[in-house]
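Note sheet for the following structure.
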Amino acid sequence: MAAVQVVGSLPSGQLREAPRDAIPEGGNGFRRLSARLCALRPDDSSSARTEIHLLFDQLISENYSEGSGVAPEDVSALLVQACRLVPLNQNHLVSKVSQLIHHLLNRLQVIVDEQRLDFLLAYTISAIHQCSSWTHMEILQALAALVYCNGSKCQKYLLELLGETGLLMKLSDLAQSDPEVRRAAVHCMANLCLSVPGQPYLEEPYQNVCFQAFLTILQSPKSSDMDDITFCMLLQNALKGIQSLLNGGRMKLTQTDELGALLAVLKKFMFHGLPGLNIEMPMVLYPTPLPQYDGRTPIKPQQSESSASRPTLNKKKKSKVKPKKIQQGEEEEKESSGEIEAAPVTGTGRVNLHEGNTWCPSSLGVQSLPLDGSGAAGKDGVSSPFSSSSWKRVSSSESDFSDAEGGMQSKMRSYQAKVRQVALVCFLSTIKSIEKKVLYGYWSAFIPDTPELGSPQSVSLMTLTLKDPSPKTRACALQVLSAILEGSKQFLSVAEDTSDHRRAFTPFSVMIASSIRELHRCLLLALVAESSSQTLTQIIKCLANLVSDAPYDRLKLSLLTKVWNQIKPYIRHKDVNVRVSSLTLLGAIVSTHAPLPEVQLLLQQPCSSGLSNSNSATPHLSPPDWWKKAPAGPSLEETSVSSPKGSSEPCWLIRLCISIVVLPKEDSCSGSDAGSAAGSTYEPSPMRLEALQVLTLLARGYFSMTQAYLMELGEVICKCMGEADPSIQLHGAKLLEELGTGLIQQYKPDSTAAPDQRAPVFLVVMFWTMMLNGPLPRALQNSEHPTLQAGACDALSSILPEAFSNLPKDRQILCITVLLGLNDSKNRLVKAATSRALGVYVLFPCLRQDVIFVADTANAILMSLEDKSLNVRANAAWSLGNLTDTLIVNMETPDPSFQEEFSGLLLLKMLRSAIEASKDKDKVKSNAVRALGNLLHFLQPSHIEKPTFAEIIEESIQALISTVLTEAAMKVRWNACYAMGNVFKNPALPLGTAPWTSQAYNALTSVVTSCKNFKVRIRSAAALSVPGKREQYGSVDQYAGIWNALVTALQKSEDTRDFLEFKYCASLRTQICQALIHLLNLASASDLPCIKETLELNGNMVQSYILQFIKSGAEGDDTGAPHSPQERDQMVRMALKHMGSIQAPTGDTARRAVMGFLEEILAVCFDSSGSQGALPGLTNQ
């Protein structure tokens, strides 16, 4: 029966003709042969079959070079015609047409269109059902090529292929007698799971079916009738299938057993075929470090150690290796080396694994590698402590294999290495598809916490990094480790080993600290041993991830010193990627928990030290200059003794980075500088950018050291910002911003820098004059590069206020004019940066009393508050908050001219804009309410009396009340309560008599008693204690409501479900006690019955907390509460004095009860302090 009868007729389509002279030779051959094929009609004669057979052979043997000019639709049309010509009862022809489908689709990288795919799928599925079993292998290969990246277009056939009794389910089953057919069926399933971005994915039920099928295959032992290479290919296909399901986060592993089962097989096959290891894994890994997780055949500790701790043990064995054997090992390395970044899935249906790989090592950047003197090759042919590959120790005699057997062994090792690589890449996809907190439950299964000495749990990712003979597998393992470490700061922060551990059990914190130590040890061992540049780059990136997240302030000293000393030589490595990643690592060291005393000492190491202790055996080092000698330096202990504090020894790292940025490159290390432009005299751009980044991090973390180079760094910045490359310009601007920020920090009131250690103002003025006379203004006006403009704006906002006032007048005017002009920019990045910069300038003492500048800035900010970009509005709201802070500062100066001259109309506009902004997103809202509070505080009686202001004041206060009560972010509600306190400070507002008074107080009392966040409660209690007069609290009922709410809040000051809030309990009680005493100080005779009633019910509780308040002193709160016990005691005395002055009606007991309560508190204070001398003021009691 002809194939055409299986699926009905489908036109093969017209083949496109291309101009003859434009068609390459391969395209010509294809068109000639396809024209002959299209001319044929279905015919069962033997001559017709012979002709078709010959045509198929010719099409298969045709040389299809890249860019052969063959159109995908022509290939699809030809395959449809071929299938129409071959009836399903002709097994040999069906086999041949299947080979043709597989060959053409793979060779020409064609994905079949949906219409022809339908026909070809129906044909191949029918062929499997009807043809002899010996054809199934070729038909399945054709099916795999057809469904490749076409899973979403195969919906019609999914039930037939993947249903309970589906074709692929049966052929991939363990019961399938032919191992090759089983492997090919799994290959088809893996290709079905592969999807193209933007297209629909495989439906969830079928995803689960495939996942379970792949998992079953991986959990099943190798059957006796399957050879090792077929088994490796089967494993690869199953692993690639799972990877395709996980990629892009499409399939979620939500069940613990499901994830644990997958991790168990991944761990098993990460080590597949690694010599000397025979891993027996449980079916499921559970997220607890139990000893049964990882059993393996015991190995003598000496053997396990030999390739890591004791490299000398292998010397004899290395000398026995024959040159011929080494070449085979080298060939195997070339075959399995390459970049992990090359997506391993995309070739699933494009490589016939039977035919071996045809990768060209040179095209992958693998260096040709020499042999060492003894004739032994290392991982890449370079002698190292790990150079004797473990598989060479499998046999007791090197001559046990014939050449043919040796070739087979080499091929076997190559396939096993690929299984390990695919397992690692699949693990990478798994990591990306699960939450980090879930992943860290399995930390101990993959990360070592003790040196590897053959114990059951000692195999880990570091085993592969140190012992795998394939550089690509080592790179894969490192990339997985990097993914695990990335974002692990919170998890690792629990680590601690600063004190000696002498407990009966090992705390979790000590176990994590041990893991961190072991990771350092193993990665530094790997660094010494590695000679492949690509893998070396991965090791250094991995170290950078580890250094960024490890809590060195909680770990014993010397870990960073070892990393520091060992990485220095690699800064002069001949491969630019290694050099760049080495600088990245140094940047990570100077940014982690900065400033660290250990790093401070490392930065102060003398520049004259040599390389004697710093891995002088490391290859590819060029002769270093005086600052490039990468000193190992003395130990940390020696340094602390020999380097006096304040040593003027230059910082070698700053010198190095400056030289990389500004000095011409050396020829000796430019061999593989792919990043440098042709003819460039400088280091490659990535190297210079990384050096600028390190300088920026040094300025951020170790400014006291960096400031010694202030003017020199200024010249570096000017040079960078004057270059043509916008990236170099931008990084120069970032460095300028960081230096400016460092100078500002030195002059802040809370700075730890002594006045004589600060950079003098005249020097800062010189520095900024150099900047403003250099290329900075040009960068600010470079509208072609808005990112650079925004960076330059940020830099300009980091001028020290004291220096700005001393700049030449024309430079001051330049800064202000440029910023006000850029606020009109159409680019949102520039506009956001400008809005923020104006918010900084408006706080400068020399500008804040300039009414014209403040008004111009206000108008610019109000315009930005209406921008479509949230980021622009957020920055504008922050600046509006700063501007209103300036209004308050000016209000408190003796000179009233600013208030008088500031436009009332502009105040109205600011109030309206702030009200609108308070309805915006939280990022805008938090500063909008801050601004509202300041503006209402600033309003003068002359404003409030005007009818135009009455309505806007009411609206503003309603906006604040609604924000206090809303379920917004903590910062928003905190700022709203703070703003309400500012409103209460304005004596001109009718607080106490206005209708909004009760609403405002009710909002604050609601928050103080019930808000989940204690910082917001503290701020609302502070606001309630702001009014200075009794009448501002309104009626007796209003006063009683506030008093009762504060007592209730005190009672509930420990009621929280959030453990993090407990640290604010003491501050909350302090603020509530202060508010209660403040209310007592203002109470009138009519308020006393309510106070007495509350004290009768809760007097003991209130008394105990007020006693704590008096005795405790400062609680670290930020609300302005009196901080010394003497001051607090005085508050209670004043309240008692006030009570005594109240004229109560005859027979009134309330005043006496309240006075008794206060006297009792003071008496207890006197008694408790008697042994140490009475507190001031109690001696007359």
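Think of each number as a place in line: the chain as shown, counted from 1.
Any Cβ shown, glycine's included, is placed from N, Cα and C.
Here is what Swiss-Prot records for this protein:
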COMPBIAS  300-312  compositional bias 'Polar residues'
COMPBIAS  313-325  compositional bias 'Basic residues'
COMPBIAS  637-646  compositional bias 'Polar residues'
MOD_RES   Thr618  phosphothreonine
REGION    294-347  region 'Disordered'
REGION    371-407  region 'Disordered'
REGION    613-648  region 'Disordered'
REPEAT    159-198  repeat 'HEAT 1'
REPEAT    452-490  repeat 'HEAT 2'
REPEAT    514-552  repeat 'HEAT 3'
REPEAT    558-595  repeat 'HEAT 4'
Candidates 159-198, 452-490, 514-552; stretch with most C-beta pairs under 8 Å toward the repeat 'HEAT 4' (558-595): 514-552
The repeat 'HEAT 1' (159-198): DSSP-derived helix, strand, coil residue counts: 24 helix, 0 strand, 16 coil
Averaged pLDDT, computed only over the residues in the repeat 'HEAT 4' (558-595): 95
Summary of DSSP states over the repeat 'HEAT 3' (514-552), given as helix, strand and coil counts: 34 helix, 0 strand, 5 coil
